Number of protein chains: 2
Amino acid sequence: MQSLENKILLEGQVLSDEILKVDSFLNHQVDPFLMREIGEEFARRFKDEAITKVLTIESSGIAPATMAALQLGVPLVFARKKKSLTMADQYYKAEVFSFTKRETTLIAVGKPFLNADDHVLIIDDFLANGQAAEGLIDVVQQAGAHVVGIGIVIEKAFQDGGTRLRQSGFRVESLARIASLQDGAISFVKKEKV
Amino acid sequence: MQSLENKILLEGQVLSDEILKVDSFLNHQVDPFLMREIGEEFARRFKDEAITKVLTIESSGIAPATMAALQLGVPLVFARKKKSLTMADQYYKAEVFSFTKRETTLIAVGKPFLNADDHVLIIDDFLANGQAAEGLIDVVQQAGAHVVGIGIVIEKAFQDGGTRLRQSGFRVESLARIASLQDGAISFVKKEKV
């Protein structure tokens, strides 16, 4: 998505070979016009999939996922990150390990909000090692629901999450795919023909 | 806002005299059409205030605040809840005590995202004791910026946050004002003339 790549080049800060900071428009400050455009693009790519629900994880996924849900005309559910879980039997839950934070988080979705007949589009702001996406897939599958695909705003294609998810048969649509952050320079994966 | 009150009556669950659960459309599952309507209503009420930024706090404020920011044509900033803060001098920060969770959380906004010439609309999903709103006001004032007003989706008017904020001179616009949750019944504050 050209406007997203432009925004990343203009405002993204490369903190290391692995870390791209985009908190001026996605993770902390949020550009609502770009979020709307992102939502429209996800809806366009997945429009033939009879999606019934969008699922993301708090917090940075919520803005783009709300816009995608609006465009698709379906509810959004955001998984909660929990330290511990009271009334654990009321939730589908999974453990997600964060490589950046070096900690495991419990994510939880209330059972009423995912059903066996749901066709779920998972959306997240970043895809790196794929732990968050895999946790969300796990939660969807516990409900007996179907994962239609995974929509990612920014994929760090030099980390292995995207490859692993695609090899497992999931359709992953990333609106920007970073090939490298080496030497402080942002380069994108060259477009394949659509 | 009539459609919001209807939704609360239809789907809200009264868990106690003080706790209303609305996780089917606001806090966990999110109704994106209602969020858009809420965003439009906030924008309508504050349209003459030359707002430059919308500020909320993760996570449940993000969906309605994104929609309000879109309608107002300004960026959204969501304050981060932190356990601890590395590089603390890069943030405006405040401590927020939660009566429901009985714990104090640190909230933080990166200094680049609030400036002295900002006119800030604070938005949150709930207003009860007002601690979160007061923390956000504190953060805005640390930046030397101006709080234009506070937009709340659901105010528990039987708790004192709204009264205290209004007595301090802040304009508080709540789209639904709950008068009471006693005996499992939801009643709203009667409309004043606009």
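The first residue you see is number 1, and the count goes up from there.
Yeah, the Cβs are placed from backbone N, Cα and C, and that goes for glycine too.
Annotated features, as they stand in TrEMBL:
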- B:LEU20, B:ASN27, B:LYS156: xanthine binding site (BINDING)
- B:40-157: domain 'Phosphoribosyltransferase' (DOMAIN)
- B:ALA128, B:ASN129, B:GLY130, B:GLN131, B:ALA132: 5-phospho-alpha-D-ribose 1-diphosphate binding site (BINDING)
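Here the features listed in TrEMBL are painted onto the structure.
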residue  : record                                              : DSSP class
B:LEU20  : xanthine binding site                               : strand
B:ASN27  : xanthine binding site                               : coil
B:ALA128 : 5-phospho-alpha-D-ribose 1-diphosphate binding site : coil
B:LYS156 : xanthine binding site                               : strand
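Calculated from their C-alpha atoms, the gap between B:ALA128 (5-phospho-alpha-D-ribose 1-diphosphate binding site) and B:ASN27 (xanthine binding site) amounts to 15 Å. Less than 8 angstroms from the CB of B:GLN131 (5-phospho-alpha-D-ribose 1-diphosphate binding site) sit B:VAL96, B:PHE97, B:SER98, B:PHE99, B:GLY161, each of them six or more residues away in the same chain.
Between B:ALA132 (5-phospho-alpha-D-ribose 1-diphosphate binding site) and B:LYS156 (xanthine binding site), the C-alpha separation comes to 14 Å. Model confidence over the domain 'Phosphoribosyltransferase' (B:40-157) stands at 96, taken as the mean pLDDT rounded to a whole number.
Cβ neighbour count for B:ASN129 (5-phospho-alpha-D-ribose 1-diphosphate binding site) (all protein chains, 10 Å cutoff from its Cβ): 18.
For the xanthine site listed in the record, the two most distant Cα atoms among B:LEU20, B:ASN27, B:LYS156 lie 15 Å apart. Within its own chain, B:LEU20 (xanthine binding site) has B:ILE8, B:GLY12, B:GLN13, B:VAL14, B:ILE154, B:LYS156, B:ILE178, B:LEU181, B:ILE186 as residues 6 or more apart in sequence whose C-beta sits under 8 angstroms from its own. Same-chain residues at least 6 positions away in sequence with a Cβ under 8 Å from that of B:ASN27 (xanthine binding site) are, in sequence order, B:LYS21, B:SER60, B:ASP125. Shown in sequence order, B:GLY12, B:ILE19, B:LYS21, B:VAL22, B:ASP125, B:PHE126, B:ALA128, B:ILE154, B:ILE178 are the same-chain residues outside B:LEU20, B:ASN27, B:LYS156 whose Cβ sits within 8 Å of the Cβ centre of the xanthine site.
Contacts of B:GLY130 (5-phospho-alpha-D-ribose 1-diphosphate binding site) defined by a Cβ separation under 8 A and a same-chain sequence distance of 6+ are given as B:GLN159, B:ASP160, B:GLY161, B:GLY162, B:ARG164, B:LEU165, in order along the sequence.
All protein chains considered, the CB of B:LYS156 (xanthine binding site) has 23 other CB atoms within 10 Å. Apart from B:ALA128, B:ASN129, B:GLY130, B:GLN131, B:ALA132, the residues listed for 5-phospho-alpha-D-ribose 1-diphosphate, the same chain places the Cβ atoms of B:VAL96, B:SER98, B:PHE99, B:LEU127, B:ALA133, B:GLU134, B:GLN159, B:GLY161 within 8 Å of the centroid of those Cβ atoms. The number of other Cβ atoms within 10 Å of the Cβ belonging to B:ALA128 (5-phospho-alpha-D-ribose 1-diphosphate binding site), over all protein chains shown, comes to 24.
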